[in-house]
Every structure is written in C-alpha cells, then in structure tokens.
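Here's the structure we're looking at; comments come further down.
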C-alpha cells in the first residue's frame, strides 16, 4: 500500500514539473514560426524618400550637370540664369568646365566672322568672350562637353549650360535685322516665325498687317508670341499671307520693326521633284544641244545640281548654268523653280548617249536622265 502511494506521489510531481516547464509566461503566447519578434508599437514612422542620386539610378535617366558660369568684375562669378539682361557695350565672358567644350551662339556673330568674339579652350575649361556688345548680339549662348574617340566627338548630354541674353541698347527695342524687308514662307505642315525679337524683356509687342491696316491678335491658338523667337504661326494657311510688321513699346517709347512678306508655299517638303528635257533627242553632227534639268520646290529650300554626260571622260567642254526664281501660281501660292542647263556646242560622236542630272536638297536627292542620239 505504501509502495503504491509513493509511486502515485512521484507521478503527480513529474506531471506538475512538465506543466510548469511548458507553460508560457503570463499574458504571452507562443510565437508562430517566422513571426517577427519585435514588439509592435503605435509609433509613426516617416516614409523614406530616396535621395536624388537614388531616384536617378532607379529611372535610368542620367543627371544633367550645368557647367556654365558667367565671369563678373574683380574675379567674381555666378551661375547664369535662364535669361540675362545686359547693357550694350558690356563685355561678356562665359566659361564652361571641361577639357573639350563645344559652343553655340547667335548666328549673327558667325555670319560676319565677328572679331569681337573669341572662343578659346583651356586645360580645364572653355572660354567665350564678347567685347563691345550690341543689341544685335541678343540671343542664346550655350555650351556642352564633348566625348571624343580619336577625331570623332559627340555631345555629352549630361554636361551642358545655356542662357539667353538680352543686350539692351538705347533706341533699339528690336534686335536689328540686316535688311529692311524679309520674306517668311508659310508652309501648312510646320510652324512659321516672324522674327520680331526684342532687346528688352518687359517690352509689349504687337503684330500688324500693313494692308488692310489692322492689328493681328496673338490669341495663343493660331498665333503666339515668344520673346526669344518672335510671332509664331502654329498652323499657317493662305489667309495669313501679306505684308506685316511688329510694334514694340517699353519705357514710354515705341518702335516699328522691319516689314515681312508672308508667302504661302504649296509644294510639300521632301526630295526634289525633278524633270529633264533635251532641246532635241535626235541630233546631227555639228548641231548644238541643251539639256534642261528643272526642280519645283519650296521657296526657301536650295537645290544643288550634278551632271554626268557622255563626253565627260574625254573632258569634253560644256557650259553649265544654274538659276532659280520664285513663281506665283495663283491664290497666293509661291514655288521656287530651280534649273540647271547643260549646253554642248558642235555635237560629235562622243556627245551621243545618256545625260544624267542629279538634284539634291536637305531632304534627299533625285536622279533623272534622257538619251541623245544621231538622227
């Protein structure tokens, strides 16, 4: 009896020990596998915003770095704003960081190979200097780094700089034009610009038709004004043609621009539309022949001609004359007719064969041919 009592007490003791060792602490529950063991809190955490460098890396777009600075007096310098206004006569000095720098500046300075402008490349930066500035120098100045392999270089799009500079000059509200009358061609498939650019950013500029005399509203839909370009015709059509001019007002003064002849163009942009015609395709020995190559195209698109003819290998003397003129084809439509005439005098056997004309413009080239033979 005592033995069974002792065994029963031992079993109860062991059971109590097992329960005590497995029971979780008060107010706690056993954690599930993989459960986060950090205590949850009600503390608010701000979302992490990736740094600029991280964002650039994420979207794959390289970060653009401005490399241009403007040199001021007494060794001071600053990063130029998108637009600057300087007084005519001031010296402009721009520097761009890099050992190989390309530059762009108003075409006016390039057209006349102006000695007032100098561009130099130093070991660590490029330098552009313009002295005795005038209102005509108003425009965009920009620079960029160049990536070169041997003699072949390309623009580094990540290292650039630019600023548009207004050079204000007494009595000049408009950027001066080299002529008193300019032609602007209106093409239905692209914008046209009447280049009434000003030298004073705050100037009020309006567009006017000469006849019938009236102001042409820049309504933002058909026509808009951009002080860096002028009046922009967004969708040109034949009703816009005529003679126009601009008027600028600033500081209680006003000025009229040069006049612009707007001509509507009917020929679409593309490679030359070329035809060829011989004065006669059948000749006799001793005759003279002329071969005419003609292109109808846009008024402002130049055309170059190149000839291949039978007597070329023998250095047969010929006369080639290139001409062009504008023709009006009704309803105000204007076309440029470009022609090249090849003339051969005293035809001989070596002059018989194919006469080939190739006409080329910026959009491509077209080749045509005609045969000349003895009758």
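Just so it is clear, glycine is given a Cβ too, placed from its N, Cα and C backbone atoms.
Record features, source TrEMBL:
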- 1-21: signal peptide (SIGNAL)
- 20-63: region 'Disordered' (REGION)
- 40-50: compositional bias 'Basic residues' (COMPBIAS)
- 62-143: domain 'Ig-like' (DOMAIN)
- 272-375: domain 'Ig-like' (DOMAIN)
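Secondary structure by DSSP for the domain 'Ig-like' (272-375): 6 helix, 64 strand, 34 coil. Summarised by DSSP class, the composition of the domain 'Ig-like' (62-143) is 11 helix, 39 strand, 32 coil.
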